[in-house]
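Structure first, commentary second.
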Amino acid sequence: GPTALLAGTTLFLSFLIAIPFGILSATKQYSLLDYFSTVIIFFGMSLPIFFLGLVVIYIFAVRFGILPTSGMKTLGIPFSIWDRIKHLILPISVLTFYQIAPVVRYARSSMLEVIREDYVRTARSKGISERDVIYKHALRNALIPIVTLFGLSIPFIFNGAFITETIFAWPGMGRLAVGAVFQRDYPILMGTTLVTAILVLLGNLIADILYAVVDPRIRYK
């Protein structure tokens with residue numbers, strides 16, 4: 001549905017952007033890139049998601065009028081992929097920025113911890129190139145804590161989508177749940193709570209499966 005589209009795209013984009021960004025930030029510690037990532041982390045974890053949503057609506061929709069403010073499609077015109085993409089840009093950008101900050105933080109701290117290990121120093125002393133040391137030796141171990149974050153991110157992104165859908169009038173499960181709160185529609189609230197609980201269990205299951213993929217020492221029998 002609309003919520004799955006919003007949350008799934010956000011999950012994919014946030015990890016696709018944040019993991020390389022965090023890894024590069026760790027390997028180039030105290031560089032301009034590292035300071036920039038620190039600023040991103042600070043703002044991403046400090047700004048409330050509703051405030052960021054209102055800011056981007058004012059800038060891109062009210063001020064410049066280049067993107068729609070709400071809804072999933074433009075009324076009165078036939079369905080088009082480009083119209084759907086335009087309606088997705090603002091909510092996905094807000095939700096992705098909100099999710100990128102903790103992933104960059106985890107990826108950076110995890111890689112910094114791994115590259116200080118003895119086996120990484122041994123690989124460097126053998127004359128192995130820095131690229132191979134990072135991507136063939138250190139990266140896999142650095143990904144293990146991020147796998148946990150990936151599993152936990154699934155329900156958190158859906159929870160963030162509740163606020164985002166309300167701000168951008170996106171017709172999804174989050175907006176339905178918020179409307180149910182004001183209308184005291186308890187069956188709807190129980191249903192959305194059940195879905196959230198299932199997502200938590202699903203996230204933990206996916207994290208456990210990915211552990212075995214990332215770390216060959218872990219095998220489930």
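Including glycine, each Cβ sits where the backbone N, Cα and C put it.
Just so you know, TrEMBL annotations never went through curation; they're auto-generated.
For 1-207, the entry in TrEMBL reads domain 'ABC transmembrane type-1'.
Marked as transmembrane segment by TrEMBL: 6-27 (among others).
Taken from TrEMBL, the feature transmembrane segment covers 39-67 (among others).
Annotated transmembrane segment per TrEMBL: 87-107 (among others), in sequence order.
Sequence-distant contacts of the transmembrane segment (142-168) (same chain, six or more residues past either end, CB-CB distance under 8 Å): 2-3, 6-7, 10-11, 14-15, 19, 23, 26, 49-50, 53-54, 57, 69-71, 90-91, 94-95, 98-99, 102-103, 106-107, 110-111, 113-114, 174-175, 177-178, 195-196, 199-200, 202-208, 210-211, 214-215. Among the features that TrEMBL reports, transmembrane segment is placed at 142-168 (among others).
Long-range neighbours of the transmembrane segment (188-214) within the same chain, counting only residues 6 or more positions beyond its ends whose Cβ lies under 8 Å from a Cβ of the stretch, are 140, 143-144, 147-148, 150-155, 158-159, 173, 176-177, 180-181, 220. The transmembrane segment annotation in TrEMBL covers 188-214 (among others).
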